[in-house]
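Only one structure is covered here, and it is reproduced in the block below.
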Amino acid sequence: MKVVVIGNGMVGYKFCEKLVAKNTAANISIVVFGEEVRPAYDRVHLSEYFAGKSADDLSLASKEWYSENGIVLHLSDPVISIDREKKTVFSHAGVTESYDYLVLATGSAAFVPPIPGVEKEGVFIYRTIEDLELMIGWAKKSKKGAVIGGGLLGLEAAKAMLDLGVTNTQVIEFAPRLMPRQIDDAGSKLLHSKLEDLGLTIHTSKNTTAIEGDAAITGMRFSDDSSFDVDMLVISAGIKPRDELARAASLEVGPRGGITVNDNLQTSDPFIFAIGECALHKGMIYGLVAPGYEMATVVVNQLTAIANNTPLGDGGSFTGFDMSTKLKLIGVDVASFGDPFVSGDGVRSIVFDDSVKGVYKRINVSADGKQLLGGILVGDAEQYNMLLQTCKNKVVLPPNTEDVILGARGGEGDAGAGVTSLPDDAVICSCEAVTKGSICDAVKLGYETVDGIKKCTKAGTGCGGCVPMVKDLMLHTMKAAGKVVRNVLCEHFDYSRQELFDLIKLNELRTYDDVLNMLGKGDGCELCKPPVASILASLWNEVILKKGNDTAQDSNDRFLANIQKGGTYSVVPRIPGGEITPDKLIVIGQVAKKYNLYTKITGGQRIDLFGAHLSDLPNIWEELIEAGFESGHAYGKSLRTVKSCVGSTWCRFGLHDSVSFAIRVEERYRGLRAPHKLKGGVSGCIRECAEAQSKDFGIIATEKGWNLYVCGNGGSKPQHALLLASDIDEETCLKYLDRFLMFYVKTADPLTRTATWLNKMEGGIDYLRSVVVHDALGMNAEWEAAMENHVNSYECEWKAAIETPELRKRFTHFVNAPEQKDPTVVFDPMREQKRAKEWK
Amino acid sequence: MIAEKTITWFAACSVSDVPANGGVCVKNNDTQIALFHFTRRDEWYATQNECPHRMQMALSRGLIGTQNDEPKVACPFHKKTFSLVTGECLSGDACAIKTYEVKVEDGVVFIGIDE
Ligand SMILES: Cc1cc2nc3c(=O)[nH]c(=O)nc-3n(C[C@H](O)[C@H](O)[C@H](O)COP(=O)(O)OP(=O)(O)OC[C@H]3O[C@@H](n4cnc5c(N)ncnc54)[C@H](O)[C@@H]3O)c2cc1C
Ligand code: SF4
Ligand code: SF4
Ligand code: FES
């Protein structure tokens, strides 16, 4: 059997995925036509593109996936006509394909109302990655934004505008309230005021009559004769099903668009199905993914039954779908489920409306008080999943019905307990139709991580809304099986890093073997050795190569240098704050020449010398230390550099002496071992030439003192540091830094940078501030003392290594020929220096 | 017929030359051999020094340990791990490494080279 699919969007893709999975006999061949340039991607999370997700991250499957599964995929090639007699389709690029069955998954387009001026530059729709890229380009020069549409998609677009930096944005809704299809008047009002708090201006009952401007938009005019200036507009006023192809092929379409289908999702031609947002079922277009996925399943079931000549069972018809939704709009939760609006005989509504906290909840309950019919949540939708399941599965409500939205007062607040009350056939993930039973079964089979469960059952891979519930179920199932759920280091230690840290300290353990003997089992491995060695170094400040701990160090730490391509090492002397005398520069030059090293300025204002043979390292360091240098710890999970701008000593804008402060900070924290590397920066004014806000800690001069920022990150996932305290003096700043760093050193998981550590911290920066500034944990005195101890016991590791013959002897390549270097090391010449030979 | 392996033993270094629970690189003519003293288990292992992933002479500088009680070494470059007993790649995707026999007599470590 040959199936041709038109449209490679979310539902078209899901259809392929399900068909491939079910077509085990491999007797169905699949050809797909997609109009967009890339294979199907996650449109639901389109806005995350602004938050740094790439097109690849959004992709649902790679091109390879299609070819590996024998699917012929034509991209950038829309189908332009269908010949139903000959059962053939014709594409724009001239491809002709015959079919046994045709599946239309053409989705929908943004509905653009016929307002004069919509064609002007600066007017956008928001549906594809291309739309988004156009918006990004234009937003750079825009200041005044507007969005037509105050529904689900319009508010999503308004969020996009804020994300794009167009903070002065107005939302224009034709109806008298926001999200008229999902929430009631009271909920709308609350949402309205919450969004205005965030800086959006919202107009309801407002009807746009013209878009003004020459080539590009400059303003908008309304039916009430008002107008305002706008230089960027997104129209998000609804969707229009893509039924043009079906129309041209004389298939039946609805009066207001959409390809008419029956309960089997067949169009008026029984060999042609329509699924997703283009399909009109019982007068309804479903503008959400979950119903689209359900439609895909229904058609897959029918086609596989036909191809294999097997009975269909009851999976072959579509009976409508629940339109419950939960969204996070610009930080405001909005959800509606079941029938949000029911009223009338015997239906009771319980309403909780707290305009101070900004929370509105309404649930509709049957006359006997036993069943939940639907509801609305604005401002706090934490209970959404539970309520939705309770509603769908007709779970009998507790006698104090209000508890389900208010939480049991005065009782145990176990948030996850609710999942136990659901029946096994409760559908937890509606996108993928995964039941509670199958999730629990997966856990019992040993899938004990959310990722594992996602892979095994596909739950949580659609809109992702059910992930918190999946996690709850996982934890419950594991607990029920008597398993303790822990975040442990590896098979040798049943402890998290933080637990180990405390235990090592309590028991005063000082070598890796002692730790393993007392707290672990087996013989250790490359996963637990470095973190334990790091904890020992953080706690006791002893030279890391001390006997017994040397071979537990990560190999860069073990040789106090970074291994590079080809097996040679790089050498980075500390240059605090990036300040260096001409004499020291000359020494670096001389050493580099003598040992034939490649030199480069690093990103952290230091000089890196590459290509050193292992056996040359002690000699190189001997000369550097002689000239007054010390280890730069570039090899360690420890403080790297504190970058500085030149500051008030030379810069005409400088407010304070950023270089002196940077040197002070760098010298204070040098050698501090941490779960991951640490970088700092100090800028002399708000112009921020030291890029301090991209560091683990950044200090910026203000008129009155310094602002301290923490938990920034460059690297693969850049993140700006957040303000911890403002206008503080140097001493206070160091005090806060002592506490902050010790808090991090003590509690972070291995290889977790400060940014990720903060992202995972409950309460985020506010909580961190309460600990560091207001001593919420009562640990500050202890942490300051620990830091003081670190500062006082610091010594240069390289100095210790070259002065101790036992340690120095390890820096040879051949144990039985110490004078020989590794003969396999080869360099190639490049720009008057050398480079490592490319590896194979 | 069973082919007899002839093993030639050569003296690599003394026991104290090898750090506890760590490795060193031994030169045998043009061959580089990684020699490990797994002190915790009171065991010695030897393998080729070259990591087959990117052909780097580095395994002797790797961390050793166990995985389900199987002794292994992790390459310092990309942390691929290899069984010290069979030489098999435990991270699944690189080729196996060659292993050698080791014996200790009077404080001297010998590595067995089979011809
Ligand atoms: C910004 C935004 C946010 C959203 N948020 C949510 C949400 O939170 N929750 C939710 O459930 N839903 C949300 N949606 C809706 C959801 O994305 C859609 O329901 C879903 O994408 C529909 O899938 P589909 O495959 O039917 O259509 P689409 O994903 O639109 O795919 C149809 C594809 O067919 C192609 N096509 C059309 N005609 C042809 C032709 N003739 N030949 C070849 N190819 C053709 C189109 O180019 C398109 O790629 C959101 C949508 C947007 C735009
Ligand atoms: S951050 Fe300010 S003080 Fe520092 S170099 Fe830039 S402009 Fe000058
Ligand atoms: S960015 Fe990548 S290639 Fe460049 S130094 Fe860092 S790890 Fe190496
Ligand atoms: S070179 Fe050994 S793991 Fe890559």
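The backbone N, Cα and C atoms fix where each Cβ goes, and this holds for glycine too.
Annotation comment: TrEMBL describes A:1-283 as domain 'FAD/NAD(P)-binding'. The feature domain 'NADH-rubredoxin oxidoreductase C-terminal' is assigned by TrEMBL to A:324-394. What TrEMBL records for A:427-474 is domain 'BFD-like [2Fe-2S]-binding'. Annotation comment: TrEMBL describes A:564-626 as domain 'Nitrite/Sulfite reductase ferredoxin-like'. Marked as domain 'Nitrite/sulphite reductase 4Fe-4S' by TrEMBL: A:636-772. The feature [4Fe-4S] cluster binding site is assigned by TrEMBL to A:CYS645, A:CYS651, A:CYS685, A:CYS689. Residues annotated as siroheme binding site in TrEMBL: A:CYS689.
The Cβ neighbour count for A:CYS651 ([4Fe-4S] cluster binding site), using a 10 Å radius over every protein chain in view, is 17.
Taking a C-beta cut-off of under 8 angstroms and a sequence separation of 6 or more, A:CYS685 ([4Fe-4S] cluster binding site) has the following same-chain neighbours: A:CYS651, A:PHE653, A:GLY654, A:LEU655, A:ILE700, A:ALA701.
Annotation for A:CYS645 ([4Fe-4S] cluster binding site): spatial neighbours A:CYS651, A:GLY654, A:SER658, A:VAL659, A:VAL682, A:SER683, A:GLY684, A:GLU688, A:CYS689, A:ALA690, criterion Cβ-Cβ under 8 Å with sequence separation of six or more.
With DSSP classes pooled into helix, strand and coil, the tally for the domain 'BFD-like [2Fe-2S]-binding' (A:427-474) is 25 helix, 5 strand, 18 coil. Excluding A:CYS645, A:CYS651, A:CYS685, A:CYS689 themselves, the residues of that chain whose CB lies within 8 A of the CB mean position for the [4Fe-4S] cluster site are, in sequence, A:VAL646, A:GLY647, A:PHE653, A:GLY654, A:SER658, A:SER683, A:GLY684, A:ARG687, A:GLU688, A:ALA690. Taken residue by residue, the domain 'Nitrite/sulphite reductase 4Fe-4S' (A:636-772) breaks down under DSSP into 52 helix, 33 strand, 52 coil. In the domain 'Nitrite/Sulfite reductase ferredoxin-like' (A:564-626), the DSSP tally of helix, strand and coil residues is 32 helix, 14 strand, 17 coil. The number of other Cβ atoms within 10 Å of the Cβ belonging to A:CYS689 ([4Fe-4S] cluster binding site), over all protein chains shown, comes to 18.
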